[in-house]
Amino acid sequence: MTDRSIGPRYAPYALAVLMVAYVLAFVDRQVLNLLVEPIKHDLKLSDTGISLLQGLSFALFLSIGGLPIGRLVDTRRRVTVLSMGIAFWSIATGCFGLTRIYAVMLLSRIGVGVGEATMTPSAYSLLGDYFPPRRLGIAVGIYSMGAFIGSGLAMILGGAILGMLPKGDVSLPLVGAVRNWQAIFLLLMPIGLGVALWVASLREPRRGAGGSDETPGWGEVRRYFAAHWRPILGVDAAVGFTNMAAYGLLSWTPAMMARTFQMGPAAAGWRLGWIVILACSAGTFAAGLAGDALRSRGRETGRLMVMASALAAAIPLAIAAPLMPAPGLFLALTAALLFCLSAALGSGPATVQEITPGRMRGIQHAIAVLTANLLGLGLGPTIVALITDRIFARPAAIAWSLAIALPLMLLIALGCCAFAMKVYASALRRQQIP
């Protein structure tokens with residue numbers, strides 16, 4: 001059942017709630033990156049073994065399960081679907097903290113992916129109905145900032161909490177003795193359950209800019225995607241390869257800072273966390289403003305132009321940043337690189353949303369999640385780890401692995417963006433969105 005009485009003042013509140021949920025999703029997803037070294041030490045894992053926990057195990061269901069969940073978002077009450085997903089991934093995060101058995105940890109990360117598969121399709125579909133098209137770019141940009149705020153908070157708070165906890169075992173009520181890194185995952189579970197209840201209280205908006213609540217059949221969905229596959233594939237692939245570079249960078253930067261600059265988790269988390277929050281939030285917000293400004297001036301490919309410009313600027317930074325000899329230089333160039341990556345990623349969702357009918361946004365964003373996470377989260381951390389383990393065969397070479405892998409990923413993303421730009425304007429005119 002929808003609430004048709006939602007006014008323009010409610011939309012910013014709903015955006016804030018969805019952004020908090022997105023922050024939580026990335027805290028639960030990314031806090032593992034800060035804990036690579038203690039987990040490797042306790043479980044005796046290689047970089048590749050850790051990368052499977054970071055990415056592939058998590059991404060498989062987040063990506064593949066997103067397709068049926070996207071259809072569920074298009075046919076059921078979205079705030080209910082999302083709140084149940086948040087509760088599920090929060091419980092799975094707690095389960096990850098209860099064990100030191102590698103197979104069980106893999107299953108727990110898959111469970112987090114199951115729950116988080118509800119996040120992006122639900123949120124983008126809701127935002128498309130809370131906000132008019134002329135404000136959608138900035139709304140999506142603000143929401144997308146939650147990913148970077150969550151990633152930064154995972155590093156800042158994770159490092160701070162790890163620094164406050166005693167080394168070795170920690171005794172928790174009802175649980176008993178666990179390792180200090182396990183306690184961090186257990187503490188995240190009740191926070192997530194509280195956010196799930198908050199999301200459940202949101203009002204459900206009426207679906208679709210055209211005002212119809214009728215659900216299209218699978219035949220109509222297939223016909224739509226068959227007619228628009230070129231711009232959709234181009235943008236989704238560009239976002240996917242950009243995501244691959246972003247996850248490769250964020251997954252291994254804390255470990256690189258430890259191995260290259262001898263920085264502990266607390267020091268690395270504090271510095272890198274604030275850079276992620278500030279640089280990435282600024283990049284996403286700037287991309288939303290620039291894309292909306294270009295669109296309002298009649299540039300149909302305005303958002304794609306923002307994405308392409310950001311990718312072109314990111315490539316030389318991706319080569320130089322990991323090879324800097326001093327922490328200050330490394331962090332400065334990493335901040336610039338993250339600004340560009342977030343600007344590119346922030347431009348993608350609103351770009352495709354403009355040519356997607358309201359009742360198909362859930363399944364479209366599920367496809368986008370599949371592409372972005374199979375390429376980005378599934379392969380980004382593992383490709384960097386494989387270069388370190390198989391080519392260089394020494395953990396200290398992680399900086400060179402990043403300097404090789406990241407620019408190649410971004411070059412492919414730029415090519416995909418150029419492919420989409422050739423056909424996007426005609427698809428937008430057919431959709432008849434001003």
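The backbone N, Cα and C atoms fix where each Cβ goes, and this holds for glycine too.
Nobody curates TrEMBL annotations by hand; they come from automatic prediction.
What TrEMBL says about this one:
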type: DOMAIN; residues: 14-432; note: domain 'Major facilitator superfamily (MFS) profile'
type: TRANSMEM; residues: 12-32; note: transmembrane segment
type: TRANSMEM; residues: 52-69; note: transmembrane segment
type: TRANSMEM; residues: 81-103; note: transmembrane segment
type: TRANSMEM; residues: 109-127; note: transmembrane segment
type: TRANSMEM; residues: 139-161; note: transmembrane segment
type: TRANSMEM; residues: 181-200; note: transmembrane segment
type: TRANSMEM; residues: 232-252; note: transmembrane segment
type: TRANSMEM; residues: 272-292; note: transmembrane segment
type: TRANSMEM; residues: 304-323; note: transmembrane segment
type: TRANSMEM; residues: 329-346; note: transmembrane segment
type: TRANSMEM; residues: 367-387; note: transmembrane segment
type: TRANSMEM; residues: 399-421; note: transmembrane segment
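Taking residue pairs at least 6 apart in sequence, the transmembrane segment (12-32) and the transmembrane segment (399-421) share fewer than three C-beta contacts under 8 angstroms. Counting residues 6+ beyond its ends, the transmembrane segment (304-323) has Cβ neighbours under 8 Å at 235, 238, 242, 245, 249, 256, 283, 287, 290-291, 294, 330, 333-334, 336-337, 340-341, 343-344, 347-348, 351, 399-400, 402-403, 406-407, 410-411, 413-414, 417-418, 420-421, 424 in the same chain. Under the criterion of 3 or more C-beta pairs below 8 Å, with sequence separation of 6 or more, the transmembrane segment (232-252) and the transmembrane segment (81-103) do not qualify as touching, having fewer than 3 such pairs. Contact between the transmembrane segment (139-161) and the transmembrane segment (367-387) does not hold: fewer than three of their C-beta pairs are under 8 Å, each pair 6 or more apart in sequence.
Counting Cβ pairs closer than 8 Å to the transmembrane segment (329-346), the top stretch among 12-32, 272-292, 367-387 is 272-292. Per-residue pLDDT, averaged across the domain 'Major facilitator superfamily (MFS) profile' (14-432), gives 86.
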